[in-house]
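What TrEMBL annotates here:
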DOMAIN    5-97  domain 'Endoplasmic reticulum vesicle transporter N-terminal'
TRANSMEM  21-41  transmembrane segment
Amino acid sequence: MPFDFRRFDIYRKVPKDLTQPTYTGAIISICCCLFILFLFLSELTGFITTEVVNELYVDDPDKDSGGKIDVSLNISLPNLHCELVGLDIQDEMGRHEVGHIDNSMKIPLNNGAGCRFEGQFSINKEVGQQSDVQGHMFQ
């Protein structure tokens, strides 16, 4: 008598004549499908939603820098014209520059439909404080 490996099958098929649909099983199945659909749609919405943040906080990695932090920016904005892009610099020491243009370049992308902004500047850093760099659009 040969050894039958099928007896180790833990996912055995139940014959159709032994199964019987019930209202409870149908309700549980429908609720599970609706819950799965809800989870899928909420995750898809979270993935598709774009969050725009216009602030950049910089921490000083070099404590011996004399209170200055060198900042280099290289930002591509594929759907924003270059004439709408600008840079404001503000720190806790009272410096506030609107429309900073020194050491900065605006490079058109996609035949002028987008813009790449490159810039370099130094900001003051006070111990325990944050500096704030904000981009803006001219209207």
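Note: Cβ is positioned from N, Cα and C throughout, glycine not excepted.
Assigned with DSSP, the residues of the domain 'Endoplasmic reticulum vesicle transporter N-terminal' (5-97) fall into helix, strand and coil as follows: 36 helix, 21 strand, 36 coil.
When averaged over the domain 'Endoplasmic reticulum vesicle transporter N-terminal' (5-97), pLDDT in the model lands at 82.
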